[in-house]
Amino acid sequence: MKQYLELCRRIVDEGHWVENERTGKRCLTVINADLTYDVANNQFPLVTTRKSFWKAAVAELLGYIRGYDNAEDFRKLGTKTWDANANLNDAWLNNPYRKGDDDMGRVYGVQGRAWAKPDGGHIDQLRKIVDDLTRGVDDRGEILNFYNPGEFHMGCLRPCMYSHHFSLLGDTLYLNSTQRSCDVPLGLNFNMVQVYVFLAIMAQITGKKPGQAFHKIVNAHIYEDQLALMRDVQLKREPLQAPTFHINPEIKSLEDLETWVTLDDFWVEGYEHHDPIQYPFSV
């Protein structure tokens, strides 16, 4: 929580106003933030100064792992995070590549599980990483990359957190995740959970011990219609004791994650939090 609150305060105190063309709103912005999560010691980075819906964050990550491209599939997992971008984004609604209601296009997990090759085939990036790590192999390129400029026009949104680089030191697994842009009041609590959980679950299914997860954010911002709530409400609250995160030990493979795993296979103990804050969302 400390590093999260320090970033929020830094944006409020030192941020520069930037006009965002996509949303038509101004953002108070800083460049570069580095967060570290101690997965080895189960220091779960869940926000306590407002209620954080961690299950939706895990459900979204699970959808990425499965390569989903439809908001309905994400809803079935337990999150509505893609409803607006799939169905309320004017540019996407008028895009000839959109297949209909709830279609997201070739975003995030689609790129991770089926990156298009010039010859017409596909690359399953995640499968390759899991196979390598399971065998104890780190070729210095165990990178899951969602950022494919050649197909931006085929999706409803460019990826924000676009790269996850796994590294082995002995039998300990590390993760470096890079995020080009972050809506800090709304998105960062999700993203912190996802980086932490991604390392934890990948270590479990590859038979490795989790180490630290390193989370780099390039453009961290607070939208102008979120600023008062962040400055005058959330930042005035005292953080509470961090909870612990748990994964069903029966999850042992990528195939398990692709088939039978649900949100019931993840749980949090000791989560105390302040009241929710309804931050505005910008499509």
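Residue numbers in this text run from 1 along the chain shown.
The backbone N, Cα and C atoms fix where each Cβ goes, and this holds for glycine too.
Counting only same-chain residues at least 6 apart in sequence, those with a Cβ under 8 Å from the Cβ of Cys160 (active site, nucleophile) are Gln179, Arg180, Ser181, Cys182, Gly187, Asn191. The active site, nucleophile feature in Swiss-Prot is assigned to Cys160; the stated evidence is sequence analysis.
When secondary structure is read from DSSP and collapsed to three states, Ser181 (dUMP binding site) falls in the strand class. Annotation source Swiss-Prot lists dUMP binding site at Arg22, Arg180, Ser181, Cys182, Asp183, Asn191, His221, Ile222, Tyr223.
According to Swiss-Prot, the (6R)-5,10-methylene-5,6,7,8-tetrahydrofolate binding site annotation covers Asp183, Ser282, on the basis of sequence analysis. In the structure as shown, the Cβ atom of Asp183 (dUMP binding site) sits within 10 Å of 21 other Cβ atoms.
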Requested in this report: For Tyr223 (dUMP binding site) and Ser282 ((6R)-5,10-methylene-5,6,7,8-tetrahydrofolate binding site), determine the Cα separation and express it in whole Å.
Outcome: 8
Report summary line: Looking at the binding-site residues Arg22, His221, the one with the fewest other Cβ atoms inside 10 Å is Arg22
Query - Arg22 (dUMP binding site) to Ser282 ((6R)-5,10-methylene-5,6,7,8-tetrahydrofolate binding site) - Cα separation in whole Å - result: 9
